Amino acid sequence: MILPFRVRSVLFLDPYEIMTAPPELNGKLIQAEGLDLWYLHQFLTKKQADKLFDTLEDELEYFTGDLAKVKIFGKWRDIPRQQVAFGDPGMVYRFSSLSVPALPWPSALKDLRDDVSSVLGQDYNFVLVNRYRNGLDHMGEHRDDEGELDEGAGIVSISLGQVRDFVLRHRDVKFKKRRMDSVKIPLGHGSLLHMRSPTNTFWYHALPPRKKALGVRINLTFRKVIPEKMSKK
(Lines of atoms letter the chains of each structure in order from A and count residues from 1; the text may use other names and numbers.)
(Lines give C-alpha, C1' and ligand atoms only; values in the text may rest on other atoms or scores of the structure.)
Protein backbone atom coordinates (compact mmCIF):
# COMPACT_ATOMS: atom_id res chain seq x y z
CA MET A 1 0.00 0.00 0.00
CA ILE A 2 1.33 3.46 -0.89
CA LEU A 3 0.75 5.73 2.07
CA PRO A 4 0.00 9.47 1.72
CA PHE A 5 3.50 10.20 3.03
CA ARG A 6 6.97 8.72 2.60
CA VAL A 7 7.48 5.88 5.05
CA ARG A 8 11.24 5.92 4.53
CA SER A 9 11.34 9.51 5.78
CA VAL A 10 9.84 8.56 9.13
CA LEU A 11 11.15 5.06 9.73
CA PHE A 12 11.41 4.54 13.49
CA LEU A 13 10.04 8.02 14.09
CA ASP A 14 9.27 8.71 17.73
CA PRO A 15 5.90 10.52 17.84
CA TYR A 16 7.25 12.53 20.78
CA GLU A 17 9.38 14.26 18.14
CA ILE A 18 6.47 14.89 15.81
CA MET A 19 7.29 18.58 15.49
CA THR A 20 10.41 17.61 13.53
CA ALA A 21 8.56 15.16 11.29
CA PRO A 22 7.89 15.81 7.61
CA PRO A 23 4.87 18.15 7.17
CA GLU A 24 2.82 15.38 5.55
CA LEU A 25 2.99 13.31 8.77
CA ASN A 26 2.12 16.03 11.27
CA GLY A 27 -0.42 14.67 13.70
CA LYS A 28 -1.91 15.79 16.98
CA LEU A 29 -0.17 14.92 20.23
CA ILE A 30 -2.73 14.64 23.05
CA GLN A 31 -1.28 14.54 26.54
CA ALA A 32 -2.50 14.87 30.11
CA GLU A 33 -1.55 13.29 33.41
CA GLY A 34 -0.71 9.67 32.54
CA LEU A 35 -2.12 10.15 29.03
CA ASP A 36 -0.07 9.92 25.83
CA LEU A 37 -1.91 9.76 22.51
CA TRP A 38 -0.88 10.58 18.96
CA TYR A 39 -3.67 11.11 16.43
CA LEU A 40 -3.09 11.26 12.69
CA HIS A 41 -6.28 12.29 10.91
CA GLN A 42 -5.24 10.92 7.51
CA PHE A 43 -2.98 7.91 7.82
CA LEU A 44 -4.76 6.57 4.73
CA THR A 45 -6.13 8.67 1.90
CA LYS A 46 -9.88 8.52 1.37
CA LYS A 47 -9.34 6.33 -1.69
CA GLN A 48 -7.16 3.92 0.26
CA ALA A 49 -9.52 3.86 3.23
CA ASP A 50 -12.55 3.28 0.98
CA LYS A 51 -10.80 0.40 -0.78
CA LEU A 52 -9.70 -1.24 2.47
CA PHE A 53 -13.16 -0.84 3.99
CA ASP A 54 -14.79 -2.48 0.96
CA THR A 55 -12.22 -5.30 0.94
CA LEU A 56 -12.79 -6.09 4.61
CA GLU A 57 -16.57 -5.95 4.18
CA ASP A 58 -16.30 -8.45 1.33
CA GLU A 59 -13.73 -10.82 2.81
CA LEU A 60 -13.95 -10.95 6.60
CA GLU A 61 -16.06 -13.42 8.54
CA TYR A 62 -16.54 -12.64 12.21
CA PHE A 63 -16.46 -14.91 15.25
CA THR A 64 -19.65 -16.61 16.37
CA GLY A 65 -20.57 -18.78 19.35
CA ASP A 66 -18.41 -18.59 22.47
CA LEU A 67 -15.87 -16.32 20.77
CA ALA A 68 -18.63 -13.75 20.30
CA LYS A 69 -19.31 -13.52 24.04
CA VAL A 70 -17.62 -11.68 26.90
CA LYS A 71 -17.76 -12.17 30.67
CA ILE A 72 -19.19 -9.18 32.54
CA PHE A 73 -19.66 -9.34 36.31
CA GLY A 74 -19.49 -13.13 36.19
CA LYS A 75 -22.04 -13.56 33.40
CA TRP A 76 -21.43 -14.35 29.73
CA ARG A 77 -23.04 -11.86 27.40
CA ASP A 78 -23.05 -11.28 23.65
CA ILE A 79 -20.39 -8.80 22.58
CA PRO A 80 -22.20 -5.63 21.39
CA ARG A 81 -20.29 -5.60 18.10
CA GLN A 82 -18.71 -8.13 15.71
CA GLN A 83 -15.17 -9.32 16.29
CA VAL A 84 -12.37 -11.35 14.70
CA ALA A 85 -8.58 -11.51 15.14
CA PHE A 86 -5.55 -12.14 12.95
CA GLY A 87 -1.87 -12.50 13.70
CA ASP A 88 1.37 -14.39 13.46
CA PRO A 89 1.29 -18.19 13.99
CA GLY A 90 0.42 -19.20 17.54
CA MET A 91 -0.73 -15.77 18.71
CA VAL A 92 -3.54 -15.76 21.29
CA TYR A 93 -4.88 -12.66 23.04
CA ARG A 94 -6.68 -13.00 26.37
CA PHE A 95 -9.08 -10.49 27.88
CA SER A 96 -12.30 -10.56 29.93
CA SER A 97 -11.93 -14.33 30.50
CA LEU A 98 -11.85 -14.83 26.73
CA SER A 99 -9.00 -16.36 24.72
CA VAL A 100 -9.01 -15.04 21.16
CA PRO A 101 -6.95 -17.10 18.69
CA ALA A 102 -5.31 -15.32 15.78
CA LEU A 103 -6.33 -16.46 12.31
CA PRO A 104 -3.75 -16.20 9.48
CA TRP A 105 -3.22 -12.69 8.14
CA PRO A 106 -5.37 -11.68 5.15
CA SER A 107 -3.14 -9.98 2.59
CA ALA A 108 -4.80 -6.56 3.00
CA LEU A 109 -4.29 -6.54 6.77
CA LYS A 110 -0.77 -7.91 6.55
CA ASP A 111 0.18 -5.09 4.19
CA LEU A 112 -1.37 -2.54 6.54
CA ARG A 113 0.38 -4.12 9.53
CA ASP A 114 3.70 -3.78 7.71
CA ASP A 115 3.02 -0.10 6.97
CA VAL A 116 2.04 0.64 10.57
CA SER A 117 5.08 -1.22 11.90
CA SER A 118 7.40 0.68 9.56
CA VAL A 119 6.04 4.09 10.50
CA LEU A 120 6.11 3.49 14.26
CA GLY A 121 9.24 1.33 14.41
CA GLN A 122 7.52 -1.64 16.07
CA ASP A 123 6.82 -5.22 15.00
CA TYR A 124 3.10 -5.64 15.55
CA ASN A 125 2.06 -9.30 15.43
CA PHE A 126 -1.68 -9.24 16.23
CA VAL A 127 -4.74 -7.28 15.18
CA LEU A 128 -8.19 -7.31 16.76
CA VAL A 129 -10.93 -6.30 14.31
CA ASN A 130 -14.15 -4.84 15.69
CA ARG A 131 -17.09 -4.13 13.40
CA TYR A 132 -19.79 -1.77 14.66
CA ARG A 133 -22.94 -2.36 12.62
CA ASN A 134 -24.54 0.92 13.68
CA GLY A 135 -24.53 3.42 16.52
CA LEU A 136 -26.02 0.93 18.97
CA ASP A 137 -22.96 -1.31 18.75
CA HIS A 138 -20.38 -0.11 21.22
CA MET A 139 -17.42 -0.94 23.46
CA GLY A 140 -17.67 -0.52 27.22
CA GLU A 141 -15.18 1.30 29.39
CA HIS A 142 -12.03 -0.73 29.99
CA ARG A 143 -8.23 -0.77 29.97
CA ASP A 144 -6.08 -2.96 27.72
CA ASP A 145 -3.65 -3.83 30.49
CA GLU A 146 -3.09 -7.51 29.73
CA GLY A 147 0.34 -8.74 30.80
CA GLU A 148 1.29 -10.30 27.47
CA LEU A 149 1.21 -6.95 25.65
CA ASP A 150 4.44 -5.06 24.97
CA GLU A 151 3.83 -1.74 26.73
CA GLY A 152 6.53 -0.01 24.73
CA ALA A 153 4.72 -0.70 21.46
CA GLY A 154 1.43 0.74 22.64
CA ILE A 155 -1.79 -0.01 20.76
CA VAL A 156 -2.46 1.36 17.29
CA SER A 157 -6.03 1.95 16.17
CA ILE A 158 -6.99 2.38 12.50
CA SER A 159 -10.58 3.54 11.91
CA LEU A 160 -12.65 2.95 8.79
CA GLY A 161 -16.18 4.02 7.95
CA GLN A 162 -18.55 5.80 10.32
CA VAL A 163 -16.96 8.45 12.54
CA ARG A 164 -17.39 7.52 16.22
CA ASP A 165 -16.36 9.17 19.48
CA PHE A 166 -13.50 7.59 21.43
CA VAL A 167 -13.80 8.62 25.08
CA LEU A 168 -11.13 8.32 27.78
CA ARG A 169 -11.59 8.78 31.53
CA HIS A 170 -8.90 8.79 34.22
CA ARG A 171 -9.14 5.95 36.72
CA ASP A 172 -9.35 8.42 39.63
CA VAL A 173 -12.49 9.88 38.07
CA LYS A 174 -13.98 6.45 37.49
CA PHE A 175 -13.53 5.60 41.16
CA LYS A 176 -14.61 9.09 42.28
CA LYS A 177 -11.32 10.04 43.92
CA ARG A 178 -11.12 13.43 42.19
CA ARG A 179 -12.39 15.46 39.25
CA MET A 180 -10.62 15.54 35.90
CA ASP A 181 -11.80 16.28 32.40
CA SER A 182 -12.44 13.31 30.16
CA VAL A 183 -11.01 13.26 26.64
CA LYS A 184 -13.19 12.76 23.55
CA ILE A 185 -11.76 12.16 20.07
CA PRO A 186 -13.95 11.69 16.97
CA LEU A 187 -12.07 8.96 15.09
CA GLY A 188 -12.30 9.62 11.36
CA HIS A 189 -12.23 7.40 8.28
CA GLY A 190 -8.62 6.42 7.54
CA SER A 191 -7.24 7.83 10.80
CA LEU A 192 -4.60 6.40 13.13
CA LEU A 193 -4.56 6.71 16.92
CA HIS A 194 -1.46 5.53 18.78
CA MET A 195 -2.22 4.89 22.45
CA ARG A 196 1.16 4.88 24.16
CA SER A 197 2.32 3.86 27.61
CA PRO A 198 1.41 4.67 30.35
CA THR A 199 -2.09 5.51 29.06
CA ASN A 200 -3.55 2.05 29.70
CA THR A 201 -2.37 2.15 33.30
CA PHE A 202 -4.19 5.34 34.21
CA TRP A 203 -7.00 5.85 31.67
CA TYR A 204 -10.08 3.82 30.79
CA HIS A 205 -11.39 4.11 27.25
CA ALA A 206 -14.70 3.38 25.56
CA LEU A 207 -16.65 3.74 22.34
CA PRO A 208 -20.11 4.76 23.62
CA PRO A 209 -23.37 4.16 21.75
CA ARG A 210 -24.38 6.94 19.36
CA LYS A 211 -27.93 6.53 18.08
CA LYS A 212 -27.42 9.02 15.26
CA ALA A 213 -24.40 7.13 13.90
CA LEU A 214 -26.12 5.02 11.25
CA GLY A 215 -23.15 3.69 9.27
CA VAL A 216 -20.80 0.75 9.73
CA ARG A 217 -17.47 1.32 11.46
CA ILE A 218 -14.52 -1.08 11.29
CA ASN A 219 -11.75 -0.64 13.83
CA LEU A 220 -8.36 -2.36 13.59
CA THR A 221 -6.26 -2.40 16.76
CA PHE A 222 -2.70 -3.56 16.21
CA ARG A 223 -0.83 -4.95 19.20
CA LYS A 224 2.53 -6.50 19.96
CA VAL A 225 2.05 -9.69 21.96
CA ILE A 226 5.07 -11.11 23.77
CA PRO A 227 5.01 -14.90 23.11
CA GLU A 228 6.96 -15.76 26.27
CA LYS A 229 4.42 -14.03 28.48
CA MET A 230 1.51 -15.43 26.50
CA SER A 231 2.68 -19.02 27.05
CA LYS A 232 2.72 -18.62 30.82
CA LYS A 233 -1.04 -18.10 30.98
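Placed from the backbone N, Cα and C atoms, the Cβ positions cover glycine too.
Unlike curated entries, TrEMBL annotations are predicted automatically.
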Have a look through Asp145, Asp150, Asp165, Asp172 and flag the one TrEMBL assigns to the substrate site that Phe73, Gly74, Lys75, Tyr93, Arg94, Phe95 belong to.
Asp145
Report, in whole Å, the straight Cα-to-Cα distance of Asp145 (substrate binding site) from His205 (2-oxoglutarate binding site).
12
Any same-chain residues 6+ apart from Tyr93 (substrate binding site) with CB under 8 Å of its CB? Would you list them in sequence order, or say none?
Ala85, Gly87, Ser99, Val100, Ala102, Phe126, Leu128, Glu146, Glu148, Arg223, Val225
Grab the pLDDT values for the domain 'Fe2OG dioxygenase' (123-226) and give me their mean, rounded.
94
Between Tyr132 (2-oxoglutarate binding site) and Phe95 (substrate binding site), what C-alpha distance do you get in Å?
19
Among the 2-oxoglutarate-binding set Asn130, Tyr132, His142, His205, Arg217, Thr221, Arg223, as the record gives it, the longest Cα-Cα distance in Å:
20
